[in-house]
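Chemist: Sharing the features that Swiss-Prot gives for it:
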type     : residues   : note
BINDING  : E87        : thiamine diphosphate binding site
BINDING  : D510, N536 : Mg(2+) binding site
REGION   : 459-539    : region 'Thiamine pyrophosphate binding'
TRANSMEM : 7-29       : transmembrane segment
Amino acid sequence: MDISMYLGCSLGAALGGVIFASYKLGLLYQLFHKTERQSPRHGGESVAEVLRSHGVKFVFTLVGGHISPILVACEKLGIRIVDTRHEATAVFAADAVARLSGTVGVAAVTAGPGLTNTVTAVKNAQMAESPLLLIGGAAATLLQGRGALQDIDQMSLFKPLCKFCASVRTVREIVPTVRKALAIAQSGTPGPVFIEFPIDTLYPYHVVEKEFAPKNTPKGLMGKIIAWYLKNHLSNLFAGAWESRDLSPLPVHIPHATDDQVQRCVELVSRAKKPVILLGSQATLPPTPADDIRKALESLGIPCFLGGMSRGLLGKNSPLHIRQNRRDALKDADLVLLAGTVCDFRLSYGRVLNRRSKIIAVNRDKSQLLKNSDMFWKPTVAIQGDAGSFLLNLSKALKGHRCPEEWPQSLKEGDNVKEKANRAKADEKTERHLNPLSVLHRVDELLAEDSIIVADGGDFVGSAAYIMRPRGPLCWLDPGAFGTLGVGGGFALGAKLCRPESEVWIVYGDGSLGYTVAEFDTFTRHKTPVIALVGNDACWSQISREQVPMLGSNVACGLAFTDYHVVADGYGGKGYLIGREDESQLEDIIKKAQKECKEGKAVLLNVLIGKTNFREGSISV
């Protein structure tokens, strides 16, 4: 290599280094975009503007200094700020809003422990496929990794839990980052997204400038370099911050079945004599209205088993809704349509499916679509697409065709026999206190037609799932496949805000109540009255039922018959203690609770219950 070539390469490398450094330091951007040093505006306003343009009505939070600008700006734009007593509750409330409103639920929490407190709730949203945006505060951009207050590697925590994670580095990035996150949350298989906002991207220039002002910097050349670097960093942070940007929602991508796939399924369904449909929560996702799905199912005339958020889709007493004997029905079925239903533990990993049956599986998520298909079952047709729109297209293509009526009738007859047997168990006297099945039947009979039921617990809630009947679509909220305890307070809060005229019930076990009983304070402060039905048997019964006979000890399963109703009173609600001596007045107490709830009081019914064998053999691991 001659000297001229060597010099040319060296100059090229040097020039490339200068250009790269200029880009990283924002020098090139600053040449063309102004830094408005006198502007009182702050990054929280940009966040609020994007949220408003996307139809966000609520932001759930537990306040912290890192995120205060976002909360203040949202309030000024008419977005309601709802503060809870635990960060997990804020995320659960956002999850409920996402499920019931068809939009993205939003929670904002402070840095460090504020964010770590949300991990379980975010994982629950991921597994329940709920589109929500988690906003987290963070240490200032220059202080991350340097031991700042509440500074941890938050991105590593949330990358496994979220579809999209971003850390905003300049104020100008806020709008495009939030727009992108909201679109990703709703696209494909919905799920949570996370954006980290360093504190210096949220406060006004003059506030951040004070923090960046050089203090005790070295003298001489090094001091000048540090001062220049800090000044440039600040300028780049705010360069182009307040330029006009598009705030509108980005397109949302939803996968759909192809015409050929629908046609193949039409042929299979038209030949079936004993088809069944298993609907999961995915069947209720936007954009297909739940009422349209109901009409499609009624047109098909195929018996349906409803799970998760699809409970209530067919109303209270549909002849097509089969609630009992699912295993037997699947054994006899010659065609099974899994509409958003997954072959996990809830279907014994696919082992309950008849190998001779034709199986149509529809799911937005490929991994869920084919889960355990390598071992226990094989789909005849597997469609990675939206279950709701698929059912509509299938119904239209099969117009005029209905399932043979004797098949759903026979399943309904078996259903009625099992329901009668279950009712007989409710009439049995327990050794002490009230029969929980009887209590649940009484409540179910008195539920308002617009009621929303929130399920949070193990044994008592498991019984409620058999007995209590949601009156309509999107009227049942449970955690989903993760089986998380502690969703009750947040789910009920979100549900009541979405549907303020509806009667919202939380069905609690006495164990699960302990997670969110403090949210009675939230219900009172934010005027979101709900009714909590607590099955109090002083035990973690879901675990105790198997632990005692298998291992011979009730260790860690025992609780006390605690006065939870007094706690509700202390938080500004109204509590009732209900024991066996109150059995004859139970209906009157329930009606009184409903009346007080309508008048604005959150109510807790602390019902002392005894033991039954109704759920022997139920899954706890």
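Even glycines carry a Cβ here, placed using N, Cα and C.
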Chemist: What does the structure give for the C-alpha distance between N536 (Mg(2+) binding site) and the residue listed as 'thiamine diphosphate binding site'? Integer Å is fine.
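Modeler: Cα of N536 (Mg(2+) binding site) to Cα of the residue listed as 'thiamine diphosphate binding site' measures 26 Å after rounding.
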Chemist: Sequence gap of 6 or more, Cβ distance under 8 Å: name the residues on the same chain that satisfy this around D510 (Mg(2+) binding site), in order along the sequence.
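Modeler: Long-range Cβ contacts: F460, V534, G535, N536, D537, A538, C539, L559, T562, Y564.
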Chemist: Going by DSSP, is D510 (Mg(2+) binding site) part of a helix, a strand, or coil?
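Modeler: DSSP assigns D510 (Mg(2+) binding site) to helix.
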Chemist: Where DSSP helix means H, G or I and strand means E or B, what are the helix, strand and coil counts for the region 'Thiamine pyrophosphate binding' (459-539)?
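Modeler: Summed over the region 'Thiamine pyrophosphate binding' (459-539), the classes give 34 helix, 15 strand, 32 coil.
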Chemist: Are there any residues at least 6 positions away along the chain from E87 (thiamine diphosphate binding site) with a Cβ closer than 8 Å to its Cβ? List them or say none.
Modeler: L62, A107, V109, G114, L115, N117, T118, A121
